[in-house]
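Database features (TrEMBL):
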type	residues	note
TRANSMEM	30-49	transmembrane segment
TRANSMEM	69-90	transmembrane segment
TRANSMEM	102-120	transmembrane segment
TRANSMEM	179-199	transmembrane segment
TRANSMEM	227-245	transmembrane segment
TRANSMEM	287-307	transmembrane segment
TRANSMEM	335-356	transmembrane segment
TRANSMEM	368-388	transmembrane segment
TRANSMEM	408-432	transmembrane segment
TRANSMEM	444-465	transmembrane segment
TRANSMEM	477-498	transmembrane segment
Amino acid sequence: MENGTKREGLGKLTVSSSLQVEQPLAPSKLWKIIVVASIAAGVQFGWALQLSLLTPYVQLLGIPHRFASFIWLCGPISGMIVQPVVGYYSDNCSSRFGRRRPFIAAGAALVMIAVFLIGFAADLGHASGDTLGKGFKPRAIAVFVVGFWILDVANNMLQGPCRALLADLSGGKSGRMRTANAFFSFFMAVGNILGYAAGSYSHLFKVFPFSKTKACDIYCANLKSCFFIAIFLLLSLTTIALTLVRENELPEKDEQEIDEKLAGAGKSKVPFFGEIFGALKDLPRPMWILLLVTCLNWIAWFPFFLYDTDWMAKEVFGGQVGDARLYDLGVRAGALGLLLQSVVLGFMSLGVEFLGKKIGGAKRLWGILNFVLAICLAMTILVTKMAEKSRQHDAAGTLMGPTPGVKIGALLLFAALGIPLAATFSIPFALASIFSSNAGSGQGLSLGVLNLAIVVPQMLVSLVGGPWDDLFGGGNLPGFVVGAVAAAASGVLALTMLPSPPADAKPAVAMGGFH
């Protein structure tokens, strides 16, 4: 039985009936949730390529390490604007195709355009006047940045409405929302596994022999080939989901509310910003604490997301940018580590619900796993020092790769990070859906507000990450240390300040959710 709450107006909370029983998810609803959640695999396949291959790639285009993080600014800036806007308009969309589906379709189309631009950046740059060989390639960089901006806009157009549609299909039931977000996280892991597997394979370009050109070497051709697969995967999954899943008809009351909001929008030049600022102003305390914990959590994660393969290539393998041997081997090894991480993430995503019940609730599980994240990020220092101590040279004086023990240790560290990552990809979104449902807020808008707590830390790290690392010699460890401290702080706040959602308030009653 559920002892839930409802929010009336903008102030007080009133207790709902404690005799409400949450029914098990019907098979007809479950398969729809699974099909919609599977879109995450296509989106995350492209993200996996971004996170594993693009930071090294932009350095090969001539951007130095201290400025490489600036490229990633476009992601959080577009996310800060796009996802809340899309959330607002998808909440109030009255299209005959549904509220969420038009935005999902548009996002998928933009992703395909973006990955084409990124994959062919070197070719288009050379055709526009860039020189061949090593060095600064301004035109290729310009094409790459445009594609990167479009890709981040498209990903935000996709993920927000997908999660909102999952919440719609869950019918406002907190247990179903957690199940839906767990499936979304699982398919993100599947996409990661496929993306990192493709990124770690150095001969994929042979499947698409036309991908290797004068301006596009083997590394570039492999990246381009990966993006061809990304286009096919996302197009297939999105088409299946949009064809098979129909959105529920809106109640007459909701249709009237949408008509009123759209009529008001015609009188206001910026209706969305009034909504978003109003949402921030009137957020209940649980949502504010959730935003703070999420913000610290992403300050912890984003330096590693930016520089994980670069750390493996430089600190562990001892390579340098442009070194076709050790650096490339390190990037591929980092992609293998991310592949292992995604396998752990996939299994952990399916076990989040079970572990939450055993440990005592969603917030407690998230808090504990944030401490696991802090320990793992701190362990990068130990792995780096072990790699530096065990450096070896062959008879010709050429630096060799790390010892098997060091490489295995680094890969195990990557894999272990999949455990807290499962919580990051599911628990805050489930809590936001639950808190907003209890407060009577729109799912799209509330998830857009949560997205602000993700993109603002990304902007901060993108701005100061490279210069901060450069201040301490240009390595990746300074950012990882800051991440470890932020993860520990996030864990403390999650355990001490973040309230349990209503479904967790009665741990003695079995409901199929966190308790």
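Each Cβ is built from the backbone N, Cα and C atoms, and glycine gets one as well.
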Can you tell me which parts of the same chain pack against the transmembrane segment (30-49), counting only residues 6+ beyond its ends and a CB-CB cutoff under 8 A?
104, 108, 111, 115, 151, 155, 158-159, 162, 165-166, 169-170, 176, 179-180, 183-192, 194-196, 198-199, 223, 226-227, 229-230, 233-238, 240-241, 244-245, 338, 342
Below 8 angstroms Cβ to Cβ, which residues of this chain, lying six or more residues outside the transmembrane segment (408-432), approach it?
163, 174, 177-178, 181-182, 184-185, 188-189, 286-287, 290, 293-294, 297-298, 301, 304, 308, 312, 316, 333-334, 336-338, 340-345, 348-349, 351-352, 362-363, 365-366, 369-370, 372-373, 376, 379-380, 383, 386-387, 402, 446-447, 449-450, 487, 498, 501
At a Cβ cut-off of 8 Å, and with pairs 6 or more apart in sequence only, do we get at least 3 pairs between the transmembrane segment (227-245) and the transmembrane segment (102-120), yes or no?
yes
Are there residues at least six beyond either end of the transmembrane segment (287-307) with Cβ under 8 Å to its Cβ atoms? List them, or say none.
51, 55, 68-69, 72, 366, 370, 373-374, 377, 417, 421, 424, 428, 431-432, 435-436, 439, 446, 449-450, 452-454, 456-458, 460-462, 465, 469, 476, 479-480, 482-484, 486-487, 489-490, 493-494, 497-499
So which residues does the transmembrane segment (368-388) touch in its own chain, when a touch means Cβ under 8 Å and the partner is 6 or more beyond its ends?
297, 300-301, 304, 311, 315-318, 359, 402, 405-406, 409-410, 413, 416-417, 419-420, 422-423, 475-477, 480-481, 483-485, 487-488, 490-491, 494-495
